[in-house]
Amino acid sequence: MAFKIASSPHVTRNLQTSTVMQRVILCLLPGLVVQCAFFGWGTLIQVLLAIIVALSCEAAVMKLRKRSIKASLGDNSAMLTAILIGVAIPPLAPWWMIVMGTAFAIVIVKHLYGGLGHNLFNPAMAAYVLLLVSFPLQMTTWIAPSTVALNTPSIVDSLQLIFNVGAHVGMEQFRLGIDGISMATPLDTLKTDLSLGLTTTESMAKSIFDGSTGVGWFWVNLAYLAGGIVLLKLKAIRWHISTGVLAGLFVASSVGFLLSPDTHASPLFHLFSGATMLAAFFIATDPVTAATSPRGRIIFGALIGVLVYIIRTQGGYPDAFAFAVLLANLCAPFIDYYVRPRTYGHSAG
C-alpha cells in the first residue's frame, strides 16, 4: 500500500482571500455606521460611489489583461479598497475626487505592480495621499459633527453638494460654511491653535473638543476598535501590527505629553482622534504591504505609530497615517531582511 507523505504544516485553516476580505468589510460596518451618524449621509454616498468605480476599474483592467473578471471581483479586494477610501475622505468632497482617487488606487497602485499580492504600497493610502497633496483644501474641510453643527445636510442635500447640483442660495450657504456645517478636524484645530501660541488646555476648551478627545471622533474610533477586536477574534488579522501601531503611538505621545503637557496632547487624544483605530486594525494590517515575520510585524507597526506622532506634531498634515503607512511600506523589505526568523539548526540571519 502506498502512503502519501505531506509536508508540514499538517493542520491548516482553509481561509480564502474572499472570506478574509468579507470579514474585514463586515467588521468595518460598525465604524461606518457611527461615522455616518456623526458626519451625515455623505460618508455612505462616498463609499457607494467608490465601490462602483473600484469594481468598474477592476473589471476593465482584468478584461485588458485577459484575466477572469468574475474571480477578480469575487475576491472582494477592490471593494475593501473602495470602502477604505470612502471613509477616509471628507463626506462632502466633490464626486470627481473619489472617482479619481479610487481609479488611481485600483489601476495604478494595485494593477501597475501586477495586481493583488504584488503591490508595494497600500492602494487606499496611496490614493488618499494623492488627493491630499493635490487638493489640500477639499481634503481638510470636514463636516462638523452632528452634535455641534448648526445645520446637518440631509441625504438630498449631501447628494447635491457632492455632485454640485441645485446651486441655490441654501446650497451656497452650505458650501461656504455660513450655516456652520464645515470645520477643521480636532487634529487640525489643535495644531493650528498651538502654532498661534495657545496651550492644549485652551484649545480643547472649544466646542469641537469633548474633554480630552474630539467630538464624534472618540466614538468613531471606539467603533473601529470594536470591529478590530472582532477581526482579531475571527483570526482574519494577527495582533502584532495593530499592537505595534497603538503601542508606538502611545509611547511616543506619552513622552511628549510628560515633557510638555502645554504643547502636546495626551496619549488618549492621539489614540482616539483621526483615523487611529481604522488604520491600526484595517489599513496597516494589509498582509501584502506589511512585514511578514511576527517580530517584523511588531517593528513595522511600531514604526507607523512613531511616524504618526512625529508627523502629527512636527509635520504639515495633522492626521498622518497615510504618510506613515506608505513610509513603513517602503521599509517592510528591509525589516524582513534584517528580522528573519532563525531556521531550526541554523544560525540567525
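Glycine residues also receive a Cβ, built from the backbone N, Cα and C atoms like all the rest.
The annotation FMN phosphoryl threonine is assigned in Swiss-Prot to T185 on the grounds of sequence analysis. Look at Swiss-Prot and you will find 36-56, 77-99, 124-144, 212-232, 239-259, 265-285, 291-311, 315-335 tagged as transmembrane segment, backed by sequence analysis.
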| field | Beyond the flanks of the transmembrane segment (36-56) by 6 or more, those residues with Cβ under 8 Å of it | value | 73, 78-79, 81-83, 85-87, 89-93, 95, 98-99, 101-103, 105-106, 142-143, 145-147, 152-155, 158-159, 161-162, 215-216, 219-220
| query | DSSP on the residue listed as 'FMN phosphoryl threonine', three-state: which is it? | reply | coil
| said: So if I draw a 10 Å sphere around the Cβ of the residue listed as 'FMN phosphoryl threonine', how many other Cβ atoms end up inside it? | reply: 22
| field | Stretch among 124-144, 212-232, 239-259, 291-311 sharing the most Cβ pairs under 8 Å with the transmembrane segment (77-99) | value | 124-144
| note | Outside the transmembrane segment (239-259), at least 6 residues beyond either end, the same-chain residues with a Cβ under 8 Å of its Cβ set are 228, 232, 265-267, 269-271, 276, 279-281, 284-285, 290, 294, 297-306, 308-310, 313
| request: Among 124-144, 212-232, 315-335, point out the range having the most Cβ pairs under 8 angstroms from the transmembrane segment (265-285). | output: 212-232
| Taking a Cβ cut-off under 8 Å, which residues six or more beyond the ends of the transmembrane segment (291-311) line up next to it in the same chain? | 238, 240-253, 256, 270, 276, 279-280, 284, 317, 320-321, 323-325, 327-328, 331-332, 335-336, 339-341
